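Q: Take a look at this one; I'll ask things after.
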Amino acid sequence: MSEKNPIVGLCQKASFLISAAQVDQCPPDEGLEVAFAGRSNAGKSSALNTLTHANLARTSKTPGRTQLLNFFALDDSRRLVDLPGYGYAKVPIPLKQHWQRHLEAYLSSRASLAGVFLMMDIRHPLTDFDRLMLDWAQASQLPIHVLMTKADKLAFGAAKNALLKVRREVQQGWGDVATLQLFSAPKRQGIDEAQMVLAQWLGLLDEEQEAFEEA
């Protein structure tokens with residue numbers, strides 16, 4: 001994005017709002033919010049921190065640490081949501097089932113939810129959890145943008161081939177709601193593209209256009 005990056009400026013003002021174990025504990029369903037989801041150890045926290053230029057999520061080498069829906073306020077009407085990491089073997093099955101039940105309820109009922117970023121490890125894409133997230137997004141006609149994370153773990157050609165392969169399958173099954181791209185937090189690859197999606201979902205591009213037209 002341009003030097004006048006609206007996302008960076010907004011996220012510098014971000015503050016922790018609340019953690020919720022279930023939908024009825026979430027903040028009032030108004031304004032706009034964007035959620036970040038991903039199977040445990042898919043690089044979700046690193047992606048969230050990198051995109052926002054803020055340490056909004058605790059980056060940990062122990063997957064499954066985030067077990068609640070964590071809301072961050074950007075301003076009075078915009079929020080980011082860090083969703084629980086799923087699939088780690090050390091997490092008890094009843095807890096996984098609890099997460100799944102309340103995550104589905106959140107995705108299907110939250111009117112203020114403008115879109116979801118789904119992190120997939122490029123070396124292990126389209127897991128059962130990934131497919132479930134895509135199915136839920138499609139059922140709710142909710143935009144979902146896939147970040148194929150850890151792209152730096154593969155050679156450039158191999159990463160491109162992996163992207164094309166996954167893109168074909170995603171377009172066939174969920175093409176009406178899903179888009180995807182390569183992403184690497186350490187190499188800062190794909191940040192501008194992802195930030196553009198985030199800015200659009202949060203209505204920041206509309207505000208810039210209105211300001212331009214009024215000038």
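A Cβ is built for glycine as well, from the same backbone N, Cα and C atoms used for every other residue.
When I checked Swiss-Prot for this same protein, it listed these features:
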DOMAIN    30-204  domain 'EngB-type G'
BINDING   38-45, 64-68, 82-85, 149-152, 182-185  GTP binding site
BINDING   Ser45, Thr66  Mg(2+) binding site
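Help me see these features in their spatial surroundings.
A: A 10 Å cutoff on Cβ-Cβ distances gives Ser45 (Mg(2+) binding site) a total of 24 other Cβ atoms nearby, all chains included. According to its DSSP assignment, Ser45 (Mg(2+) binding site) is helical.
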Q: Count, for each of the binding-site residues Gly38, Gly85, the other C-beta atoms lying within 10 angstroms of its own C-beta, and report the residue with the smallest count.
A: Gly85
Q: To see if you understand the setup: which same-chain residues, six or more apart in sequence, place their Cβ under 8 Å from that of Leu68 (GTP binding site)?
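A: Once residues fewer than 6 apart are set aside, Leu68 (GTP binding site) is near Ser19, Ala20, Ala21, Pro84.
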Q: Looking at the binding-site residues Ala42, Ala185, which sits with the largest number of other Cβ atoms within 10 Å of its Cβ?
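A: Per the Cβ count, the most surrounded site is Ala42.
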Q: What number of additional C-beta atoms lies within 10 angstroms of the C-beta atom of Asp152 (GTP binding site)?
A: 17
Q: Could you measure between Gly38 (GTP binding site) and Ser45 (Mg(2+) binding site) for me? Cα positions, answer in whole angstrom.
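A: The separation of the Cα atoms works out to 9 Å.
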